[in-house]
Amino acid sequence: MTDPHTARTIVGIVGNVISFGLFCAPIPTMVKIWKMKSVSEFKPDPYVATVLNCMMWTFYGLPFVQPDSLLVITINGTGLFMELVYVTIFFVFATSPVRRKITIAMVIEVIFMAVVIFCTMYFLHTTKQRSMLIGILCIVFNVIMYAAPLTVMKLVIKTKSVKYMPFFLSLANFMNGVVWVIYACLKFDPYILIPNGLGSLSGIIQLIIYITYYKTTNWNDDDEDKEKRYSNAGIELGQA
């Protein structure tokens with residue numbers, strides 16, 4: 001019989017694979033931006049936001065904050081690198097006002113993380129205290145980011161069309177949440193459990209909406225418009 005530690009490691013590896021797939025979801029958008037040499041109507045906001053989310057989760061997984069969380073570090077460290085690449089691509093091909101917006105946002109995020117790290121290491125002296133503070137912050141940021149799928153779901157209901165909500169990405173979001181919920185339960189971690197429990201709920205609602213409105217969808221509309229709407233909603237997120 002597999003012991004809980006081994007089972008947790010296996011589940012965490014599966015979670016890493018699914019989350020990596022979600023982090024890869026924006027690649028077609030980035031390729032299109034690169035070919036056009038312009039960001040067009042695509043927005044950098046979801047990628048800039050995910051940078052902070054990944055930084056926070058990577059810090060959370062460090063042994064002096066939450067011990068035995070290596071798999072949280074690996075996927076969010078990887079995600080952080082990928083999101084920084086995406087943001088860089090936006091910066092290179094964006095207009096001056098958008099570049100200024102990206103620069104200001106990134107500076108604010110770096111300063112915020114520096115303050116969080118300093119306060120955590122200087123004022124909190126146990127992993128229990130540190131994991132509580134960072135864990136709560138991670139939950140808050142994740143809940144805020146779940147507002148993006150709500151925007152897409154509202155659009156689907158309004159238009160009675162699922163072309164703005166790809167099925168496999170919705171399914172992957174659901175599976176990602178479920179896997180990390182299992183991971184959090186094998187060695188109880190409320191800070192991973194809560195946001196991914198909400199992610200699972202969001203995923204299942206997306207799937208129900210997809211099934212409900214699939215038959216009423218007009219698939220002949222402009223695919224490029226669909227991609228812009230979906231990318232700008234910032235739903236392509238993967239996290240622990």
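Each residue, glycine too, has its Cβ placed from N, Cα and C.
Under the heading domain 'MtN3/slv 1', Swiss-Prot lists 10-95. The domain 'MtN3/slv 2' feature in Swiss-Prot is assigned to 133-217. Here Swiss-Prot flags 1-9, 67-72, 125-131, 187-190 as topological domain 'Extracellular', drawing on sequence analysis. Annotation comment: Swiss-Prot describes 31-45, 94-103, 153-165, 212-240 as topological domain 'Cytoplasmic', evidence class sequence analysis. For 10-30, 46-66, 73-93, 104-124, 132-152, 166-186, 191-211, the entry in Swiss-Prot reads transmembrane segment.
Each of 73-93, 132-152, 191-211 was scored by its Cβ pairs under 8 Å to the transmembrane segment (10-30), and the highest score goes to 73-93. Counting Cβ pairs under 8 Å to the transmembrane segment (132-152), the stretch among 46-66, 73-93, 104-124 with the most such contacts is 46-66. For the topological domain 'Cytoplasmic' (212-240), the mean pLDDT of the prediction comes to 61. Counting residues 6+ beyond its ends, the topological domain 'Extracellular' (187-190) has Cβ neighbours under 8 Å at 4-5, 8, 66, 68-69, 135 in the same chain.
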